[in-house]
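Participant: According to TrEMBL:
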type: TRANSMEM; residues: 7-29; note: transmembrane segment
type: TRANSMEM; residues: 49-72; note: transmembrane segment
type: TRANSMEM; residues: 79-96; note: transmembrane segment
type: TRANSMEM; residues: 102-120; note: transmembrane segment
type: TRANSMEM; residues: 140-160; note: transmembrane segment
type: TRANSMEM; residues: 172-193; note: transmembrane segment
type: TRANSMEM; residues: 235-255; note: transmembrane segment
type: TRANSMEM; residues: 275-306; note: transmembrane segment
type: TRANSMEM; residues: 327-349; note: transmembrane segment
type: TRANSMEM; residues: 355-376; note: transmembrane segment
Amino acid sequence: MDHHFINIILVGLAFMILFTAFQATGMIAPSVLEGVKNDTVNGTSFQGSGYISLAIVYTLFTIANIFAPVVVSICGSSISMFIGGITCFLYVLSFISPMVWSYYLVSILFGIGAAILWTAQGVYLSRNSNEMTISRNTGVFWAMYQSSLIPGNLYVYLSIDTEMITRSVRYPLFTVFSIVSALGIACFGLVIWRTFSERRRVNSELLKNEEKISCVDIVETLKIALRLLKTRNMLLLLIPFGYTGFALTFFQTVYPTCIGHLIKYGDKRKRLIGLHGILVGVAEIFGKLLISQILTFVGSFLIGLGDCSFHTQLFNVLASQYKNTSASAFALFQLVQGGTSAVAYVYASSLAVEYQLLILVITLLLSTIAFFVVLFSNANNDLDESSSLIIG
């Protein structure tokens, strides 16, 4: 088997294991913290908010995307993924015995770490792919990453059988998740080992030159991103970029929290959050449907299916219409998506669900219109314009 493909599988495995813990944690965080607030430690109760924490994560993620390429250039993609993985582990670990100061601190660290992690993943994927294998490698990685939604949420579904997620439930739940996260970091350690093993077969001078070029590319990427904002198609694409951020917040946290508060589902309704996550994962990967309580969980399935479809089409448009400026185009996508996710987490705890749905519907309609305008327009005009801006 091609050693580059082995690298992709190993990184995909590391992400799958690491995010098995994080994806499930993100979905049940508000419900877990409701239980923590009922615990009294030294006469005081926990006052942290899962929504505020995730708002911090995505705000820092958005900001850190600006300088994350510098970190990846200095440390290398494999070591950078290891560093980002550690911050994810600390975030999951904080739920075992959360304190307000430590909970928000690890939220800050993970926001920065996530930007480094995903930037490094993109660099590693591109360096282990060529024009013939990029589609295959991206598909394999995406399938492995999205499969992380299933085992973590399945464990949530099987382990929670009470109305409130108490300390006796929380401790074993997040102990297991912390161990799983640590295994993911160990996989990143194997990636580092393979990277250094491969470097022995490559001229070190070539590697140094590659790093110097990447540092120049970082500055140029930021300049190109600003120039792309002057083009009509990119301005239109900012609308669906923003929608994906709102949708991400809704299906990852708001919708599962609503499920956990539906009294008609009985005392074991918190476990149904895990079922929601499973169906989102199944829809992201396979597009099949199963389970009872159809009305609620058809929504879970459709959310996952819609998210997968929308992301796939956006990636195709960016890859095909911005071939010469793909790094800058994807950087803008991450910045806008992270920013709208942060905004959505800020209002998620105070704005009624009906109004949150209204925001989603309006932005979805505008996004669909903008997307098709870009898709069916003469994109070459924008490409020629952006290319001339790069040259000039």
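Each residue, glycine too, has its Cβ placed from N, Cα and C.
What you are looking at is a predicted structure, and each value in this text was computed from that prediction instead of being measured.
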Participant: What same-chain residues lie close to the transmembrane segment (79-96): Cβ under 8 Å, and 6 or more beyond its ends?
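Facilitator: For the transmembrane segment (79-96), the far contacts come to 11, 14, 18-19, 21-22, 25, 29, 32, 57, 71-72, 102-103, 106-107, 109-110, 112-121, 124, 170-171, 174-175, 177-178, 181-182, 184-185, 188-189, 191-192.
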Participant: With the transmembrane segment (140-160) as the reference, find which of 102-120, 172-193, 327-349, 355-376 contributes the most Cβ pairs under 8 Å.
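Facilitator: So the stretch in question is 172-193.
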Participant: So are the transmembrane segment (355-376) and the transmembrane segment (102-120) touching or not, going by 3+ C-beta pairs under 8 A with a sequence gap of 6 or more?
Facilitator: no
Participant: Near the transmembrane segment (102-120), which same-chain residues lie under 8 Å Cβ to Cβ, leaving out any that are not at least 6 residues past its ends?
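Facilitator: Here the qualifying positions are 48, 52-54, 56-65, 68-69, 71-72, 77-78, 80-81, 83-88, 90-91, 93-94, 334.
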Participant: Give me the stretch from 7-29, 172-193, 235-255, 327-349 with the greatest number of Cβ pairs under 8 Å to the transmembrane segment (49-72).
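Facilitator: By the under-8 Å Cβ criterion, the transmembrane segment (49-72) pairs most with 327-349.
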Participant: Using a Cβ cut-off under 8 Å, which residues of the same chain at least 6 positions beyond either end of the transmembrane segment (172-193) come close to it?
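Facilitator: Distant contacts of the transmembrane segment (172-193): 7, 10-11, 13-22, 24-25, 78-79, 81-82, 85-86, 88-89, 92-93, 95-96, 124, 152, 155-156, 159-160, 165.
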